[in-house]
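Following: one structure in structure tokens, then a few remarks.
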Amino acid sequence: MASSSFLFLHVLVMLSLARMAFSDLSNDFYNDVCPEALATIKRVVEDAVRQERRMGASLLRLHFHDCFVNGCDASILLDQTATIDSEKTARANNNSARGFEVIDKIKFEVDKVCERPVVSCADILAIAARDSVVALHGPTWEVPLGRRDSTTASRTTANNDIPTPFMDLPALIDNFKKQGLDEEDLVALSGGHTLGFAQCSTFRNRIYNDINIDSTFASQRQANCPRSGSDTNLASLDPTPALFDSKYFSNLVSKKGLLHSDQALFSGGETDELVKTYSTNLRIFSKDFAESMIKMGNIKPLTGNQGQIRVDCRKVN
């Protein structure tokens, strides 16, 4: 009897530890320690998006690329040092990830209003992503807070774990599954491409070699993306790159996905029906997107005494 009681207690402890990372996050984490924190972040984000609409997509992408590399811990913000293998130079981020100066500005303003560094850079990324979507007329959601910042980064993990624009559907499903995200999360979060732009180097192979592509759309994109050179020329990921809508999915149904990984979501596979649903129902897409953003934001957060609250988001204390 004593043995079975001990086993039961052991199982309870293990379950509690497994849930700890999630339970330690809360929507009201900063209400007492700094009640002006969230309003301050929103103000800076709105100002940045007002100055450059594209910045909204950039801030959303920073959060995504952060969470897919050892969890949502602001490791993407760390600069290269003798001991930090910066993720900023990983293939998906090098000369591509942007918005770091906006995060610096947010950190400065938040620490000023809080009178000390109490808001983590990881939470700033999560909140800024939400506020960016809202600023571009997308849905809002409550962001669970209480993440702490990493003291390490991994360019190798970033190269391995951030999904690439060249993946087909099985690879995308496996990539998201590794993060605890399912096929609905994959499609909903890919819908973040309703905002922003991509560089020619990421879609050149698609517009010249893929067969499941609208020929007129391919020709239009080829005009600004030659077979060689001009790697950083930009094209919008959907027809309205500064508006959160469902046209990204309408494009996929019409074989006008810009990236190979975009069109993979509507290519005769198991995600086709959800793409069709989202293409005609912005309300359902917005709801699912918000839910998947919360789920992604809960990937392996550092909480409690883990990690630190960085004074400077670009370097460890």
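Even glycines carry a Cβ here, placed using N, Cα and C.
According to TrEMBL, the feature disulfide bond maps to C34-C114 (among others). For C34 (disulfide bond), the Cβ neighbour count at a 10 Å cut-off comes to 18, with all displayed protein chains included.
Per TrEMBL, active site, proton acceptor is recorded for H65. On its own chain, H65 (active site, proton acceptor) has I76, E87, A92, N93, A97, A158, I162 as residues at least 6 apart in sequence with a Cβ closer than 8 Å to its own Cβ.
As annotated by TrEMBL, Ca(2+) 1 binding site applies to D66, V69, G71, D73, S75, E87. For D73 (Ca(2+) 1 binding site), other Cβ atoms within 10 Å of its Cβ number 28.
Marked as disulfide bond by TrEMBL: C67-C72 (among others).
Taken from TrEMBL, the feature disulfide bond covers C121-C313 (among others). Neighbour count (other Cβ atoms within 10 Å of the Cβ, all protein chains): 31 for C121 (disulfide bond).
Its Cβ placed at the centre, D238 (Ca(2+) 2 binding site) has 24 other Cβ atoms within 10 Å. Sequence annotations record features per position, and here TrEMBL assigns Ca(2+) 2 binding site to T194, D238, D245.
According to TrEMBL, the feature disulfide bond maps to C200-C225 (among others). Counting only same-chain residues at least 6 apart in sequence, those with a Cβ under 8 Å from the Cβ of C225 (disulfide bond) are C200, F203, R204, I207, N233, A235.
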Tell me which residues of the chain lie with their Cβ under 8 angstroms from that of C114 (disulfide bond), as long as they are six or more apart in sequence?
V33, C34, E36, A37
Which of these binding-site residues has the least crowded Cβ, counting other Cβ atoms within 10 Å: D66, E87, D245?
D245
By Cα-Cα distance, the member of recorded positions C67, C72, S75, C121, C313 nearest D245 (Ca(2+) 2 binding site):
C67
Quick check: which same-chain residues outside D66, V69, G71, D73, S75, E87 lie with their CB within 8 A of the centre of the Ca(2+) 1 site CB atoms?
H65, C67, F68, N70, C72, A74, I76, S150, A153, S154, A158
Write out, in the order they occur in the sequence, the residues of the chain not among T194, D238, D245 that have a C-beta within 8 Å of the mean position of the C-beta atoms of the recorded Ca(2+) 2 site.
G191, H193, L195, L237, P239, T240, P241, L243, F244, S246, K247, Y248, F249
Here's one to test understanding: among the binding-site residues D66, G71, D73, S75, whose C-alpha is closest in space to the C-alpha of D238 (Ca(2+) 2 binding site)?
D66
